[in-house]
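Have a look at the structure below, then the notes.
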Amino acid sequence: MNAKGLSRRSFQMALIVLSWFAANSDCSISTSEPYDLVFVTNLDPPAIFKAPADTFEFTAIPGLDDHLSTPVAVDYDPVDGMVYWTDVRRETISRAFPDGTGFYVVVSNLKVPDGLSLDTVNRMMYWTDTGSDQIERATMDGLDRSVILDLRSPTEDVDTVQPRAIVVDTSNDRLYWTDWGSAPKIEQANTDGRLRRVLVDTNLQLPNGLALDTNGRRLFWCDAGLDRLESIDLNGGSRTFYNNIISLLFDIHPFDVWFYQGQLYWSDWRFLKLVRMQFNPIVVSLHGSTGFERAGGLHIHDDSFVDHSCFGRTPCKLGERCRQFQDHYECVCQDGFAGLFCKLDNPCASSPCNNGGICRQSSRLEGGFFCKCTDRYMGTYCERFVPACNSSPCMNGGTCFDEVPDSFRCECTAGFVGTTCERKSYPNDLAFVANLMPPGIFMAPTDTFNFTLITGLTDYLSRPVAIDYDPVDGMVYWTDVGHNTISRAFSDGTGFIVLVSGLKVPDGLCLDVVNRVMYWTDEATDLIEKATMDGQDRSIVLNLKNESIDEVKPRAIVIDTTHGHLYWTDWGSAPKIERANIDGSSRTVLVDTGLQLPNGVALDLEGNRMYWCDAGLDLIESTDLLGNDRRVHAELSSEEIHPFDIWFHRGVVYWTDWRFKTILRMDFIPTTPVALFGSTTFLRAGGLHIYADTLSAHECRNPMTCKEGERCRQYKYTHKCVCKDGEAGANCKLENPCASSPCKNEGKCFQSTSTDGDYFCQCTDRYTGKSCETFVSPCESNPCMNDGRCVVELPDSYRCECPSGYVWENCEHESKPHDLVFVANLDPPGIFVAPTDTFNLTEIPVLDQKISRPVAIDYDPVDGMVYWTDVTLSTISRTLLDGTGLLVLISGLKNPDGLSLDIENRVMYWTDSGSDLIERATMDGQDRAVVLNLTNGSISDVMPRAIIVDSKNSYLYWTEVGSSPKIERANTDGTSRQVLVDTDLKWPSGLTLDIEGGRIYWCDAGLNRFESTDLLGDDRRIHADVDPIEIHPFDVWLYGDNLFWTDWRFPQLFRMNFLPDMGVEGMGPLILTKAGGLHIYSDNSTDHSCADSMPCGEGERCRQFQTSYQCVCKDGPDGASCNLNHPCKNKDCSLAGTCYRSASIESGYFCKCVDRYSGTNCEIYEKPEKLNINLSSPLQGNDKGQGNDS
């Protein structure tokens, strides 16, 4: 799930399901319950919503903006009419009236208050705290706080217990709660904590919400890890899994659940609404008004009172407020009033609470009030100051000093650091981060994590990814996927050198500083390679290519030098984590399930564990070093993370994160919540490495250790002074190998650290050899194809002079002067066209006021007209390439997303995701008919998207992006419909055919990737040699050996060539701002008279067929020499339509009729049988049209 807001897809799904349910549900299930109320917390942006249960029309409770950060659990007290909630960021439990007044923090200084339940009969509240692993209770005023259960025994691991949801059964004095720790379970105990027992402890992952059906004696829960709902009886038996939901709604991610009047409701992060499930038979639908971006806690108050005096009228007098009980009401004084008739000053009128304390009346305390004190004050009247140091916050012998006004400062004893001296000092440990954009290498001591940018490297960086550190020479190493290199430099930025160049996508890097070897992964070559740490003796360790797997993409790599093992991640089509010996032998798969984009890997050798982060699932997980004992430590639904790289350092897991743009950490001893860490905000933090110093000696820290002209190399037990560049010999007095400048052509000379007296040259581009003496011409690799002539350009580039008939950069494409490419730009709206020989797109003129949001696009070479759909205007239109002759062919659609022309049979087909129809008409817009109604009662929404016609074999292919995404095929008359692909899809937005190759290609805008199958849906393959985080394709087209696509992350077209080593490149100018539909016309005509010789006379236009042309009259005269009257001249279309010429109709014209008129001349009027009021629907208008564009 997306942690910063819901996708447009979710919004569309909500709207479609609402429409389906309105048309198919039985309205008799709703009953008017004017006193029943629904409450929902929204985590981000923070809000609390309320609604009457007979409408579920939600509104946000006003006035709480300044009092909310991340509200989670919610409950309601009908006695005082107040809503209660927990806030995990403010670490509080608060309450307020439903109108937003009376806000009050009831309990503060919690850790992670996740669950809350009120006993409104006995006036108690119970809550869970994931940070303290406790269940606590207090009065509903927040008094008499006590611990009921400490859930973690001293023998249990700190991450074993994480209490979550809680619910109280007041009639039986029972508590039920969920635990989503490493041993997830659902438990029960008495309200005093006795008779604790486990009800469920198998097949759970993240049991997130809990609800009681007291009449039916069942306990329901939702699992946010398994994405499902289940129930048991109150004894823990009769377990039921509601698997029907998957077929009815397909893709849920529940957060909280509630049972209300025989139906189950839950909040869900994949939808903007609540979800409701009826039983017997099971019917699932979205319910209520839209408005939740990140719905959290859910509570529905089921009123059982026989007295409702406090509602609807005001039985209490001025100065009083009404408290509603089961069978009576009670008038009590409002704040500021007291006495029998509330005429006396109440105890709070004199403001007895000092130092900012808030006075509250209480009928349970002597004196009639209590003071809610601010931090640092206590006592009956908040009269006593509590210095911050009274709580002894400074650990490990640190000395505490109170700071003004209410903070403190710890002076730590030697060997400890941190705000509270909680961490042991490791002054020689260092942290390194590679920031991808803008490129930079950052460094910090781990005692402070105050990062500073290593200076002097700006000109050498493009897109640094992986990073490591060599403590011997004090140098940082990194890979750069922009320059395709591995480089190093000293930590002060000097001594930069490129060690390895000519790589493709060097994603992972690790150093064996003991044996002076480095290892790296290359995602494009599927290799793991190694070299000395000088970049010499390069060799392949493992070639990971696997013919049985579509795509291998090795990513992160880490070395265990003690045992001689390499560990690496693979995020290809079969993602996995593997291990092998450092020589490549004994290769073993450790994890190959439940992975998507395993991006970083780290080792805890002392704890015998391997940690990794998954950037696709947004998870932090671990196993032992054999791949067993798998655990989830942090995941998106609870932490909103998006990790890039990970490292384990002295009992703590650290990672870089693209959502928080900083370092995050999770401490396991004791377990603490995920916390931001470090001083720097990284715009796009990539590789992370934390060096843990294990050296017994640190002589090199003393600048006097080595003589002038020497530099110090630090080993574990000793050091070595070596000569700096330019000097050599025992006393660095002799001339070193580089003194004679042996490297030619601007190559840089370096003394070899592996061979005494030797040197190596770092050559510039285009030079090679021991001394960079050999020039390598850019034309030496023969880049120009098809006998193109390569010409060297200064300083080191080339250009190809192509022979006649070939074009593009390397003369790789046969010239097709009549082929055209068309692009629909959604915003600002525009239609672009270009010849494929150049791809120099230009906008078709004079359409500015006639298009709004064009999506799908196609081209008719017969009449030379471009066709497109417009999801805002709800139309299909066409025009000539010069912008003239614009005509709206079809109007009144809902959401026309896909379009395809059968130019042979002069028919067009389109999809409408608003009506779930596939329709057809002639290419003049006549004879409109439904081909397929895709509405499916078992699927909440279908949402057909892209469509393409195979006119040769009379097939239609289309995609669906609804709750059950798929790719289907049918005959052009709608018969023989079959599903080709229905697994591992999210938002298949574009579709293209390779008829000759017998394949269908598509792009998925949800998974950001390209795939294909054969025309029967078999032999599925994943394509796109690009980072899935970097692309966001909209539409796709196969042209020659190239797959072209439009992309919302880039302002130009992209192409991917299936020939070896051609890769991905941009095509055309950078002018597209939100490119949508794409169509490339491949000309196969043998006659081009219309384009080459303009054979038709004045007043005529040329129609181009495959082997011939036809001259027809333009609008105006008609006849053999275009001198006769226009066919529309005497055809007024009964004044109820507009006349247009048609070359495909015998009469030579057709009438475009207004609503309720039909017939050849619009002469037939259809009188409505009854008044039909068409109420506005959320399915109509711009929202749906725009939201469906991916």
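Backbone N, Cα and C atoms are what each Cβ position is placed from, and that goes for glycine too.
Between Cys1162 and the candidates Cys1139, Cys1153, TrEMBL records the disulphide pairing with Cys1153. Candidates considered were Cys400, Cys421. The record in TrEMBL pairs Cys412 in a disulfide bond with Cys421. With Cys333 (disulfide bond) as the anchor, the candidate disulfide-bonded residues are Cys373, Cys772, Cys802, Cys811, and the one with the nearest CA is Cys373.
The Cβ of Cys802 (disulfide bond) has 21 other Cβ atoms within 10 Å, all protein chains considered. Counting same-chain residues at least six beyond the ends of the domain 'EGF-like' (385-422), those with a Cβ under 8 angstroms from any Cβ of the stretch are 355, 375-378, 447-448. Its Cβ placed at the centre, Cys1162 (disulfide bond) has 22 other Cβ atoms within 10 Å.
Distant neighbours of the repeat 'LDL-receptor class B' (173-216): 115, 117, 119, 124, 126, 128, 135, 137, 148-149, 151, 157, 159-167, 222-226, 231-232, 234-236, 239, 254-259, 264, 266-267, 298, 631-632, 635, 637-638; these residues of the same chain sit at least 6 beyond its ends, with a Cβ under 8 Å from one of its Cβ atoms. The Cβ of Cys373 (disulfide bond) lies under 8 Å from the Cβ of Cys353, Asn355, Gly356, Gly357, Gly379, Cys382, each of these being in the same chain and 6 or more residues away along the sequence. Reported as a whole number, the C-alpha separation between Cys421 (disulfide bond) and Cys723 (disulfide bond) equals 41 Å. In the three-state DSSP classification, Cys772 (disulfide bond) falls within coil. Every protein chain shown contributes to the tally, and the Cβ of Cys763 (disulfide bond) ends up with 23 other Cβ atoms within 10 Å. Spatially, by CA atoms, the disulfide-bonded residues Cys412, Cys723, Cys802, Cys811, Cys1113 include one closest to Cys1162 (disulfide bond), and that is Cys1113.
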